[in-house]
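Below: one structure, written as structure tokens.
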Amino acid sequence: MNVIFMGPPGAGKGTQAESIVNEFQIPHISTGDAFRLAMKQGTALGLEAKKYVDQGLLVSDEITIGIVKERLQLPDCKSGFLLDGFPRTIEQAEALDKIMDSLGSSIDHVINLHVDRSLLLARLTGRRICRSCGATYHVLFNPPHTENVCDKCSGELYQRSDDTEEKVGTRLDEYLNKTAPLLSYYRNKGNLREVNGEQEIGTVAAQISLLLRGQAK
Ligand code: AP5
Ligand code: MG
Ligand code: ZN
């Protein structure tokens, strides 16, 4: 099963990915996570990505497509994958179609998490992430049992450098200008499914699970 999660920054793509990849036993491919890892390691890719990520701007299509192309060819993607945060431009979507063609495969589901812009700022500025296992929390909406400590692995929680009010504004503008047009691209193909991402985390997860199992409208 090949799945794409779409939605604005803070819609809950990463949060929902945690349970869905567990349930369906497929790899979670997040371009944002890949860039952050490269930035932490200080590789050439990381240094280049940092110029954009730190400003809340999209990394170039050429670099991003290259990473995904390489990743989708790995053997663990043969039985399916979950793409989180890719594609984000029409050019990336067209490149993905070509990659899937060359692999003799196709995208089965595009899940769009809809969340009103007014909620996104609060979600992003309150987000905390585990340094060790990457689990996502929110200081108000999904707090860990102990402040700043991961429930799953006791790792330390941190705040992403692009989760400031100013960067969030730029990220939302990038989304509206470059990524939102992709919704009609997938709607026209007939595999776009809308989920209300403003509901409780568990409710959203249950609805996505039903859609992927083909048991919901
Ligand atoms: P990326 O890491 O993908 O960031 P993003 O798209 O901005 O999305 P987020 O990760 O911020 O949000 P999310 O939807 O995963 O929300 P989450 O589940 O964490 O990309 C970062 C950067 O990398 C980009 O800006 C760009 O520079 C670069 N990049 C990445 N991909 C690229 C591409 N394809 N092309 C070019 N550049 C690219 O949830 C957010 C918060 O809300 C959390 O605190 C969570 O606990 C809380 N929450 C989640 N669900 C709920 C709920 N139902 N109710 C209440 N709270 C909730
Ligand atoms: Mg994310
Ligand atoms: Zn952890």
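Every residue, even glycine, has its Cβ placed from backbone N, Cα and C.
AMP binds T31, R36, L57, L58, V59, G85, F86, P87, R88, Q92, R171 as TrEMBL records it, and from the list R160, R187 the residue named for this site is R160. The ATP site recorded in TrEMBL includes G10, A11, G12, K13, G14, T15, R127, T136, Y137, and the single candidate from Q73, Q199 that the record places there is Q199.
T31 (AMP binding site) sits 15 Å from G10 (ATP binding site), counting Cα to Cα. The Cβ of G14 (ATP binding site) has 20 other Cβ atoms within 10 Å, all protein chains considered. Candidate binding-site residues: G10, G14, F86, C153. Those with a Cβ under 6 Å from ligand 1, in sequence order, are G10, G14, F86. Outside the region 'NMP' (30-59) by six or more residues, the chain places 13-14, 17, 67-68, 71, 84-86, 88-89, 134, 160-162, 166-171, 174, 178 with a CB less than 8 A from a CB of the stretch. Sequence-distant neighbours of G12 (ATP binding site): residues of the same chain at least 6 apart with a C-beta under 8 Å from its C-beta are L113, V115, R123, G197, I201, V204. The helix, strand and coil residue counts that DSSP assigns across the region 'NMP' (30-59) are 21 helix, 1 strand, 8 coil.
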